[in-house]
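The domain 'F-box' annotation in Swiss-Prot covers 20-68. Annotation comment: Swiss-Prot describes 74-100 as repeat 'LRR 1'. Taken from Swiss-Prot, the feature repeat 'LRR 2' applies to 152-179. Marked as repeat 'LRR 3' by Swiss-Prot: 180-205. The repeat 'LRR 4' annotation in Swiss-Prot covers 218-252. Feature annotation from Swiss-Prot assigns repeat 'LRR 5' to 272-297. Here Swiss-Prot flags 320-345 as repeat 'LRR 6'. If you look up Swiss-Prot, you'll see 357-408 marked as domain 'FBD'.
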Amino acid sequence: MEQQLKTDGLNLSIRDAVKEDRISELPEDLLLQILSDIPTENVIATSVLSKRWRSLWKMVPNLTFDFTFDPKYHQTFSENLYRSLTSHEASVLESLQLNFTRGIDGLNIGMWIATAYVRHVRKLVLVSFGDVRDKRARFRSALFNFNDTLDILEIQDYILLDLPSPVCLKSLRELRLYEVHFKDEASVCNLLCGCPSLEVLSVHRERNVDVETFTIVVPSLQRLTIYDFCIGGGKGGYVINAPSLKYLNIVGFEGLDFCLIENAPELVEAEISDVSHIANENILESLTSVKRLSLESPIKIKFPTGKVFDQLVYLDVLTKEREWWNLLSRMLESSPKLQILKLTGLSCIEKGLDGQNWNPPKCVPECLLFHLEKFLWTGYEWQRGDEKEVATYILENARLLKKATFSTKRIDLENLEKRREMLNELASVARASDSCHLVFHSI
């Protein structure tokens, strides 16, 4: 007699129940995509489901192993990881992520990475978890040698790179370093010089005291992001030599000794945030070739004397700092081809600044007379006299302005009428451009 299953009061035969296994009927590519989002140890367990699933896990292109728990599972973790890598049958291993703690020794990690290289891994992510009391996992040059398929390398947290000789990652295109320590300045150099195809570099540092001079010399580099949050206690600094660099993002430099951009003639776009109190820097001076520029801390870095931003068409200035408008004036005077001006306000603007007067440029800047077409002000503080002065000046002098947009923060009902009056005053300003469309809205 055929065994019966009872579901919701209905009799259903095992044969019919098996037919309801619709997931096994999905295309293999879709199944592999689904399995790629599941921890690899769980993926391996699917091999017992049916004959079709027996070998399917071996084709999964993205593998993630997490050893951040009890060290007593070390042996099982190692066996599963090694089994997965040696049994992998896809032509290319798209990605391998290893999350580990101090319970994993460097020899095992080296063996796993070497096996991944044999499987032509394209993306490798190494994450070491711990706290300030833990000894960092030490990686040496041999771990990153003789690979010609790796495209992306990401190294995170409690890892020390001790690289006495150059690495050899010929095809590496993107490198991400998050709170990684280096043994010395030579280790930084030996990592970067061993990546001749590197185009994208992200460096995140916090409370790092590993190297004083972080030198970035990469001829092929096109995009660079540096986050450094050594607030008030930073020593040393950065030297950047990247002749092919097109995009630069610097965040959090405060109290460093220097930041020198020695060679970056191809820069197109730059974003500078929270940069202040650097004894020796040439940041703005090195950005005169950019077409798009965002500045968050305008008054705390040197303005280049006699320099002209003659390629700049887009400028974004944050209005939170004291007398931010002084830098705005200088940027308008130095950017003859500027087409789009954006001012961004924050709720953390310093109190007690109202009543200070803005001194506009002595002569109307060339960009206002001949090029500026769009003016955006996000977080416009309608109650502040200095901001009204700046807005009025732009409207009265930008002859080709097509659209001016002012976004104000939401306010209490009791202040709605006062805000309406202030915005109506701004709307009544005699605009230099007859075709300028004025827009107000809340954010």
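Using N, Cα and C of the backbone, Cβ positions are placed for all residues, glycine too.
Counting same-chain residues at least six beyond the ends of the repeat 'LRR 5' (272-297), those with a Cβ under 8 angstroms from any Cβ of the stretch are 237, 248-261, 264-266, 303-304, 307-318, 320-321, 327, 331. A Cβ distance under 8 Å defines the sequence-distant neighbours of the repeat 'LRR 3' (180-205), meaning residues of its chain 6+ beyond its ends; these are 136, 141, 144, 155-157, 159-174, 211-230. In the predicted model, the domain 'FBD' (357-408) has a mean pLDDT of 91. Beyond the repeat 'LRR 6' (320-345), the same-chain residues lying 6 or more positions past its ends with a Cβ under 8 Å from any Cβ of the stretch are 295-300, 303, 307-314, 353, 356, 358-361, 365-368, 370-381, 386-387, 390, 394. Break the repeat 'LRR 3' (180-205) down by DSSP state and the numbers are 8 helix, 8 strand, 10 coil.
Using DSSP to sort the residues of the repeat 'LRR 1' (74-100) gives these counts of helix, strand and coil: 14 helix, 6 strand, 7 coil.
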